[in-house]
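Here is what Swiss-Prot records for this protein:
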- 48-168: domain 'CMP/dCMP-type deaminase 1' (DOMAIN)
- ASN89, MET90, GLU91: substrate binding site (BINDING)
- HIS102, CYS129, CYS132: Zn(2+) binding site (BINDING)
- GLU104: active site, proton donor (ACT_SITE)
- 186-294: domain 'CMP/dCMP-type deaminase 2' (DOMAIN)
Amino acid sequence: MHPRFQTAFAQLADNLQSALAPILANHHFPAMLTAEQVSTLKNTAGLDEDALAFALLPLAAACARTDLSHFNVGAIARGVSGNWYFGANMEFLGATMQQTVHAEQSAISHAWLRGEKGLAAVTVNYTPCGHCRQFMNELNSGLDLRIHLPGRAPHTLRDYLPDAFGPKDLEIKTLLMDEQDHGFTLTGDTLTQAAITAANKSHMPYSHSPSGVALECKDGRIFTGSYAENAAFNPTLPPLQGALNLLSLNGYDYADIQRAILAEKGDAALIQWDATAATLKALGCHNIDRVLLG
């Protein structure tokens, strides 16, 4: 078990500990539960879905990287597939505050990058900030997405974001988590192809500036992130943050990164290179390449 989970795990009910122990035994537990695992945990612990999600929130929050605020937020995105995806906030010392990943963004991008097609609910241990409410409004679940908070009745995103502005106001039909493939040809080595594949998945209906990042760890493991734009622009999630989020959720550290590649168009309206390189260098990675999409 990764050390970050030990304190939260010790506070769980005994029957839930017994069911979770083999799942968490892997140091690189992927911070997600399959629909089958969720069903097993519900039956073993005698909990319904909502109660189980609340019980697991401390494990999600344990994934937080909060060197600046020391305020850990955990979230669980519940996919329409039945799979559950952990998320937690991330802060990057030496970079800028704008590079921060919020817990809801973390869980949602985690689900998206693992191929989830839509979300039924998000469970989070603190009320979503305005930034996250706007980020969630880009999803194909729209304002019907259910939000679950401890000690409160569940509400929809519509309740938390009244008079919402979103992609429909800009006549955008393809939403975040809808399947997208921009068709860029895969070239180069495995890591380069992974970055291009991530760029092909980009949600960028406002700037038409696709981009993807691939990070290779010293053990050969590769994590990718795709660009996810938002109708309100500022809640947009850059591709590097998506990749770093997956890397961290899987129990890796920034020091494990040995190489990074950004794939983007050289003539795009928005360019990720400077911000991507600056953030990676702040985290200790200097082996950074860029491939131009054709």
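Glycine too: its Cβ is placed from the backbone N, Cα and C atoms.
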From the DSSP assignment alone, can you count helix, strand and coil residues within the domain 'CMP/dCMP-type deaminase 2' (186-294)? 35 helix, 28 strand, 46 coil
Listed recorded positions (GLU91, GLU104), ranked by Cβ neighbours within 10 Å, top entry: GLU104
For CYS132 (Zn(2+) binding site), what residues in its own chain, 6 or more apart in sequence, show a Cβ-Cβ distance under 8 Å? HIS102, ALA103, GLU104, GLN105, PRO235
Excluding ASN89, MET90, GLU91 themselves, which residues in that chain have a Cβ inside 8 Å of the centre of the Cβ atoms defining the substrate site? ALA64, ARG65, THR66, LEU68, SER69, ALA88, PHE92, THR100, VAL101, HIS102, ALA103, SER106
A correct count of other C-beta atoms within 10 Å of the C-beta of ASN89 (substrate binding site) gives 25
Count, for each of the binding-site residues MET90, CYS129, the other C-beta atoms lying within 10 angstroms of its own C-beta, and report the residue with the smallest count. CYS129
For CYS129 (Zn(2+) binding site), which of the three DSSP-derived states applies: helix, strand, or coil? coil
List only the single closest residue to CYS129 (Zn(2+) binding site), chosen from the binding-site residues ASN89, MET90, GLU91 by CA-CA distance. ASN89
For the Zn(2+) site given as HIS102, CYS129, CYS132, which other residues of the same chain have their Cβ within 8 Å of the site's Cβ centre? ALA103, GLU104, GLN105, PRO128, GLY130, HIS131, ARG133, PHE135
Simplified to three states, DSSP reports ASN89 (substrate binding site) as coil
Please list the DSSP helix, strand and coil residue counts for the domain 'CMP/dCMP-type deaminase 1' (48-168). 43 helix, 26 strand, 52 coil
